[in-house]
Structure formats: structure tokens, C-alpha cells
Amino acid sequence: MIHSLAAAMSNQLQNTSSLSTAGTWNLLDVRNSSPVRTTELRPLPVSPWDIALCVTGTLISCENAIVIAILFYTPTLRAPMFILIGSLAFADLLAGLGLILNFVFIYMLNTEFVTLISVGMLIAAFSASVLNILAITVDRYLSLYNALTYHTERTVTFTYVVVVLIWLVCITLGLLPVLGWNCLRDEASCSICRPVTKNNAVVLAVTFLLVFALMMQLYLQICKIAFRHAQQIAVQHQFMAISTTKGVSTLSVILCTFAVCWMPFAMYSIVADSSYPMIYTYATVLPATCNSVINPIIYAYRNPDIQKSLWLACCGCVPSNFSLRPRTSSDV
């Protein structure tokens with residue numbers, strides 16, 4: 001979705017470079033019977049923004065591939081919260097791979113069909129990332145609101161059903177450009193992310209704002225419940241109170257990071273169109289992709305169970321000063 005905006009600019013640069021190369025070749029051919037190939041001296045220009053997005057995609061892919069490998073090869077990490085973390089990591093992994101493939105497609109295989117496929121992949125991946133974050137937020141709210149019945153109601157099967165529904169919705173969104181919801185035949189209707197139409201971009205951006213508003217409402221409720229519980233059990237169960245407060249603090253970081261990364265791009269998608277300078281689009285797209293870099297750090301690598309599995313996988317042992325505290329329903 002977001003990296004294909006460079007296709008038009010790249011095509012223009014490539015055509016200009018090809019014309020310049022052809023002209024130089026003819027000129028040298030008149031003067032010298034053994035001209036120097038100008039294509040070797042003047043490679044096709046590559047946007048530094050595209051390079052930054054490709055590097056970001058590589059980092060996203062590596063981080064989330066490690067998370068998925070840990071969850072897959074550790075049988076003890078099969079609780080519902082780890083299923084949601086794994087689904088989020090898989091979504092971010094696809095987003096990272098999509099950024100890398102889009103870079104390759106733009107500068108090597110720039111065709112309409114390939115553009116639609118890569119855009120659909122990015123729409124599905126980033127939509128799944130956002131919806132999985134929402135699902136984790138809802139899960140954390142329910143773990144506090146229904147603390148006594150949470151573990152019986154939120155079964156592994158129920159969580160798998162939720163994950164499947166999320167991916168069905170996101171795959172449907174990703175297929176829309178391929179099914180004709182694109183601006184390849186009407187450039188005037190393009191949004192800042194070609195070939196997504198302006199109307200579709202606005203719908204996606206408004207949906208994101210609604211998702212964020214729901215997350216904020218859930219966050220406020222979590223704060224009220226968590227601090228009320230902390231006051232009630234602070235004396236007898238100080239450890240649980242600290243754990244609850246830590247979970248709320250973590251969720252604050254999650255929501256602030258989510259807003260800082262995605263809000264500029266969502267707002268800009270609503271007000272801007274394809275006639276706006278591309279530099280502004282790149283400046284809002286890059287922070288949005290960085291959210292997928294931060295997600296595994298917040299959700300996975302801070303979890304003590306995943307930390308233990310990572311230590312065992314890398315070093316074959318766990319540090320003596322490592323304390324694996326019991327999981328509670330308030331953990332994020």
C-alpha cells in the first residue's frame with residue numbers, strides 16, 4: 001500500500017535516464033568507434049526514501065521472524081496471549097517482506113499486476129497488524145474486567161477463531177485493489193498511495209481512527225480497573241499490584257507509540273491526494289512502518305517467557321540473575 005507511491009516517480013526517472021543514455025551513446029558513437037557504456041557509469045537513480053523503507057522492511061522481517069520462531073519451537077508458549085502475539089508478529093513479518101518486495105518490484109519488475117499484488121499484500125499486512133493490536137488491547141481489558149472467569153472463557157480455540165476472523169477481513173481488504181478498486185485507469189482519482197483510490201484511502205484512514213478511538217476507550221477503562229484493583233490489594237498482594245501497574249504503564253507506551261507512528265499518515269491520507277508533493281507522503285509513511293519495528297520489542301521481547309526461550313535458544317542456558325515471575329492476567 002505505502003511503498004508503491006514511488007512507482008510513478010521511479011518510472012519518470014528511469015525514462016529520463018534512458019533518454020539521456022541513448023543520446024550519450026549516439027554522441028560517443030560518432031566520436032569513437034569503441035564508446036564507453038554510459039549505463040555502467042550512470043545507474044538508474046534510487047530514491048533514498050525507498051532505500052530507508054527497504055532497510056526498515058528488512059529490520060521488521062528479522063525481528064518478527066525471531067519472535068515467530070521462538071513461539072513455534074517452544075511448546076509452553078501456547079496460551080491465548082501468545083497466539084495473539086504470534087499473529088501480530090506474522091502480520092508485521094508480511095509487512096516487512098512487502099516493503100522489501102515492493103522495492104524490488106519498483107526498480108526491476110514495475111508492471112501493473114505486480115504493483116497490485118504488492119499493494120494488496122501491504123494493505124492486508126498492515127491492516128492485520130492494527131487489528132491484532134486492537135485484539136490484544138481487548139484481551140487485556142477482558143483479563144481485568146473478568147479476571148475470575150477470563151481463563152475459562154478465553155480458550156485457545158476461541159483465540160484461534162478471533163485470529164482467523166481478523167485475517168479473513170484483512171485478506172479481503174488486500175484483494176480489493178486486484179478486484180478493481182484501484183486508480184490505474186483514472187490517475188486523477190489516486191490517493192497519496194498509488195494505486196489506491198482517494199475514497200478507499202479515506203475509508204481506511206477513518207477506520208483506523210475509529211480503531212484508535214476504541215483502543216483509547218478501552219485503555220481508560222483498563223486504567224480505572226487496574227488502579228482500583230491495585231488500591232484494594234496493595235497491602236496483601238503487593239507483587240500483583242506492581243504487576244498491574246506495570247501492565248498499565250506498558251499499555252500507555254503501546255498506545256502512545258501507536259498514535260505517534262500511525263496518526264500522521266492517517267490524517268494526511270484524509271486531507272491529501274496524488275497532487276501533493278511525494279516528500280510529505282514519505283515523511284508520514286516511514287514513521288508508520290516503524291511501528292512494526294517497535295511492536296516485537298513491546299509485545300514479545302519484554303515478556304519474561306519469551307526472554308527465557310530466547311536465552312535458551314541463543315546460549316543454551318538462562319542467566320542466574322534472571323527471574324521468571326508468574327504470568328498474570330494483567331500482563332501485556
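Note: Cβ is positioned from N, Cα and C throughout, glycine not excepted.
Annotation source TrEMBL lists transmembrane segment at 49-74, 81-107, 113-136, 157-181, 201-227, 248-267, 279-301. The domain 'G-protein coupled receptors family 1 profile' annotation in TrEMBL covers 63-299.
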Find the member of 49-74, 157-181, 201-227, 279-301 that has more C-beta pairs under 8 Å to the transmembrane segment (248-267) than any other listed stretch. 279-301
Among 49-74, 81-107, 113-136, 157-181, which stretch has the most Cβ pairs under 8 Å to the transmembrane segment (279-301)? 49-74
Averaged over the domain 'G-protein coupled receptors family 1 profile' (63-299), what pLDDT does the prediction give? 87
Cβ pairs under 8 Å only, please: of the recorded stretches 49-74, 113-136, 157-181, 201-227, which one is richest in them relative to the transmembrane segment (81-107)? 49-74
Comparing 49-74, 113-136, 157-181 for Cβ pairs under 8 Å with the transmembrane segment (201-227), the winner is 113-136
Under 8 Å Cβ-Cβ from the transmembrane segment (113-136), and at least six residues away from its ends along the same chain, one finds 1-4, 7, 81, 84-85, 87-88, 90-92, 94-95, 97-99, 101-102, 105, 162-163, 166-167, 169-171, 173-178, 182, 184, 193, 195-196, 204, 208, 211, 214-215, 254, 258, 262, 288, 291-292, 295, 299, 332
Go through the chain and flag residues at least 6 beyond the ends of the transmembrane segment (49-74) whose CB is under 8 A from any CB in it; none is fine as an answer. 2-3, 6, 10, 82, 85-86, 89-90, 92-93, 95-100, 102-103, 106-107, 279, 282, 285-286, 289-290, 292-293, 295-297, 300-301, 306, 309-310, 313
